[in-house]
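TrEMBL annotations:
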type	residues	note
DOMAIN	7-61	domain 'HTH cro/C1-type'
TRANSMEM	106-125	transmembrane segment
TRANSMEM	137-156	transmembrane segment
TRANSMEM	195-218	transmembrane segment
TRANSMEM	230-253	transmembrane segment
TRANSMEM	274-294	transmembrane segment
TRANSMEM	300-319	transmembrane segment
Amino acid sequence: MILADKIIELRKRSGMSQEELAEKLGVSRQSVSKWEGAQSTPDINRILQLSEIFSVSTDTLLKDEADLPAAEASPQEPSVETEPPLRKVSMEEANSFLAVNEKRSVRTPLGVALCILGIVPTILIECFDTTEKIADMLGAPLLFIMVAIGVALFIISGQKMKPYDYLSREGIDTEYGVSGMAGDKKAKYAPKHTIFIVVGVILLILSVIPTIIIDAAFPDSSTADSVSGALFFGMVALGVALLTHTGIIMGGYKKLLEEDDFTRKRKKRRSKPNPAMGIYWCCITAVYLLWSIITKAWDVSWIIWVLGALLCPLIAVAFRNKDE
């Protein structure tokens, strides 16, 4: 039995996940995954640590002809039972998840863009319709149609991803080769991820420039105002779509690797809902409805949702659960 197989067997006998073993050794989970996949070999200091943790000799670990001692009841098992069992993830399941996640990275950004661009038809119609009758007849219906299509895309994406919700909520134990595959794909995608983020942020920052230039060049033109407004929403929609697209793809790799927002500790926190957020969004909805109904400014009051989304992270941090 080679060293890689011995590490897998001893880790499972001890009831430890790759992440737990990595913490004991002071290394990353990916290092443990590479050892178990025979992609790399631990140095002598790690071999000594493994020998102590698993209570076996270094000769047993290093010599291929040396078999492991028969499995015995582990004294650590009672403590392990207090932790939820790890969800096994096979290579087939991981590839299936990444394929579904890739489709989601197209549907969701498209839905977001449609919701943002929903106001653009009204703006452009008003530009050419002096009586505002056509704008009333077509503008609002087109807005709701585009938003409805966007919401439909969100629902479809959510339903397709439901079988893989556990990746965001539960600890996982990936089978041989899964972590290596996800790590390789993540490394290859990283340059594109950076480009998408840079372009998306730049589009959001520069989205006001067409408005500034057009308003300065044509100060009294309603047509110019409409065009500048359409360009503004177009650039914002494209920027947000790019950020959403790349965030979903990179998030898929991080879910399989249990990195950043998907570590075991973060998953435990995520499973405990924050009541402050429910109250916050109820207040946002109330303000939106009161403002819209009292002032009849339905064409302006939607900005409440944008401001609410921007303030949401601040509220989440300010009123986080005490046990976090």
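Please read every residue number as a count from 1 along the shown chain.
Cβ atoms here come from the backbone N, Cα and C positions, even for glycine.
Predicted automatically and left uncurated, TrEMBL annotations should be read as such.
The transmembrane segment (137-156) shares more Cβ pairs under 8 Å with 106-125 than with any other stretch in the list 106-125, 230-253, 300-319.
Predicted-model confidence for the domain 'HTH cro/C1-type' (7-61) is 82, expressed as mean pLDDT. Same-chain neighbours of the transmembrane segment (230-253): 97-98, 101-102, 104-106, 108-110, 112-113, 116-117, 119-120, 123-124, 182-183, 185-186, 189, 192-193, 196-197, 199-204, 206-208, 210-211, 214, 261-262, counting only residues six or more beyond its ends whose CB sits under 8 Å from a CB of the stretch. Per DSSP, the domain 'HTH cro/C1-type' (7-61) is made up of 38 helix, 0 strand, 17 coil.
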